Amino acid sequence: MTIMKKLLASAVASALMVGGAQAEISNNTVKIGYLADMSGTYRDLSGPNGLKALEMAIADFGGTVKGAKIEIVTADDRNSPDVASSTVRRWLENDNVDMVAGLVASSVTIAATKVIEENDKLGLVNGSAASSITNEYCTPNHIHYTYDTYALSIGTPTAIVKEGGKTWYILTADYAFGHAMEADVTRVVEANGGEIVGSIRHPFPTPDFSSFILQAQASGADVIALANAGADTTNAITTAAEFGVTQSGQTIAGLVVFLSDVHALGTEAAQGLQLTTGWYWDMNDETREWSDRFMKETGARPTMVHAGIYSSTLQYLDAVEKTGSDDAQTVRKQMMDTPINDMFTKNGRIREDGRMVHDMYLAQVKTPEESSGEWDLYKILRTIPAEEAFRPLADSKCKLISSK
Amino acid sequence: MSMIFGVPMAVLSGQLLIGIINGAFYALLSLGLAVIFGLLKIINFAHGAMYMLGAMGTVILFDNLGVNYWVALFLAPVLVGIVGVLVEYFLLRRIAGQDHIYSLLLTFGVALIMQGILTNIYGVSGLRYSMPDMFKGGVNLGFMFLPYYRAWVIVAALLVCFGTWFMIEKTKLGAYLRAGTEDSQLMQGFGINVPLLVSLTYGFGVMLAAFAGVLAAPIYSVTPVMGSHILIVVFAVVVIGGLGSIGGAIITGVLMGVVEGLTKTFYPPASSAVIFLVMVIVLMIRPHGLFGKEA
């Protein structure tokens, strides 16, 4: 009986596969599921404005692809991997969703991409930081687009060590992401001849950083690095300013800092802070033009995540159009074969491990005198070339690489 | 330099002082909770949201109306107090006399609604509020750099705490309050307007939370979710101090700030759990709390 069932199932499956190979858009609809933090800590860097960026991409593409409708469904992942898996499963298995966009908290993304792989659909990861998403957790069914912890640790720490910040004290958020970030920073600092003189693992989240800042201050290290994100980072920076850390000659290094964080801090508290970013709205005419339209829609300037969502969605739709198919592997192959040249990046390319490699930027927060408005926040100090910014394939643990 | 358990004395003194500052916040917040629970038997899960309203209110009043810090220090708590009175009058009053769980759920719902609405309007990254000019800078105490503002926080919080304790335990108004909640029918027979007294008490309790919120605005990031983080800790402080004990809430608040501060020095990863550990131990040895009376 079970053998019969299996035979029958495989017959149906192969019939379906043949159908898929005929390059068609299923149900004559391309359905995109937007999964993101819509109400929690990561809302402002992704959230409802990310959905707006997705809608802008669809509108700019013309609203349809090869005559097929483009539909969006959305959900709040509440930063919970459980919510993410069950939502994505429902979308893929019952609601005919073809592609999942957004994907913010790293834990959420790792859970969701597993389900996406089982169903052989496509995920475009834009919000997440963990570089393990295209390393240990790589799948043939997702692409990691905007940035990752590897790229962030290459940018800021290298620059600061070269400027003479030799001794480092790290404040680490005590969970998987913080530990990974700490390890990446330690590697880069030591490789450049610096030294880690101490670190504290603080609870996540920590509303009051005065105690930790005081300890970091007492250590006398040149640099106090923040291996945390969101409210923890802004709280730590505010407290450091209050306790006179920068006046006493120590440098603060924020490792995961978004435009929305710096905007919340203001230039008064954040001035001089160095950070690494995948994109900034005020880089050239193209980025400014898009950002102006985004601001008209949302009232805020886009973060790099918003820009990544817009760019990756356009790339996706373009691949669907060119291949005339919404089959995940067909589209992914097409996306890998197409260099990315748009307002997000020039000569970006998607590697076989799913990592989109592109130039990253070392930026510094402007002083209140330099800043001409509430969103005039960064000056770009250096462009980090794509080949330097991301983990080389030679060091990759991705199953797609080792199996070749 | 002398060392204690491998930590320099100077660092330790700094941490003790930081602990007292944080303890001052805990004291203010747990005091409000203790007043509301002690006198009204309401488990006020909206307390964190009221603290948040105080801080958000300070920023919003400044951004839109240019209201300065000193005015906000009085105005924001009064406005939040009015919100509290409305919540009591239209919602809490309807479930008076029911099991505690009803007030807990109702206030929790109110808190979530407030958080949700403000998140939709202001986002979660935090609003900017700059330090009042006279508090900029600080003084070097030798063992640490003490920002002027933090010193002000200790003074302001402890003054308000002491004033509240004095009013409830030592004045005639306090006596009415305590009697009115003990036997409201008898008090009404004496011509005291007990429902009004109850509304005002709830309003006053949340005013204390809002006052803590104003104090927090210049130093913590002001977001619609800031209250949800601190609420649980403050409840633990109230349980340790003894439910309903006004003086106990104040002393325990400061004490727990210090305990947390020391944990942050010796073993930082445990600092978010240490207060709950103390709570478990206290409940095992003295189930009614350090300063609570036997039920």
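Just so you know, glycine gets a Cβ as well, placed from its N, Cα and C.
Heads up, TrEMBL stuff is auto-annotated, nobody curated it.
Annotated features, as they stand in TrEMBL:
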type	residues	note
TRANSMEM	B:12-35	transmembrane segment
TRANSMEM	B:42-62	transmembrane segment
TRANSMEM	B:68-92	transmembrane segment
TRANSMEM	B:104-129	transmembrane segment
TRANSMEM	B:149-168	transmembrane segment
TRANSMEM	B:196-220	transmembrane segment
TRANSMEM	B:226-259	transmembrane segment
TRANSMEM	B:266-285	transmembrane segment
Notebook entry, point to check: Counting only pairs 6 or more apart in sequence, are there at least 3 Cβ pairs under 8 Å between the transmembrane segment (B:149-168) and the transmembrane segment (B:226-259)?
Noted result: yes
Margin query: Between the transmembrane segment (B:68-92) and the transmembrane segment (B:12-35), are there three or more CB pairs that fall under 8 A, provided the residues in each pair are separated by 6 or more in sequence?
Written below: no
Note to self: If we skip the immediate neighbours and take only residues 6+ beyond the ends of the transmembrane segment (B:42-62), which ones have a Cβ under 8 Å from one of its Cβ atoms?
What the structure shows: 29, 32-33, 36, 68-69, 71-72, 75-77, 79-80, 83-84, 87, 92, 100, 103-105, 107-108, 110-111, 114-115, 118, 122, 127-129, 202, 205-206, 209-214, 216-217, 220, 222-231, 234
Checklist line | Winner by Cβ pairs under 8 Å against the transmembrane segment (B:196-220), considering only B:68-92, B:104-129, B:226-259 | finding: B:68-92
Check: Any residues 6+ beyond the ends of the transmembrane segment (B:226-259) with a Cβ under 8 Å from its own?
Finding: 16, 19-31, 33-35, 37-38, 45, 47-52, 55, 111, 115, 161-162, 164-165, 168-169, 213, 216, 220, 274-276, 278-279, 282-283, 288-293
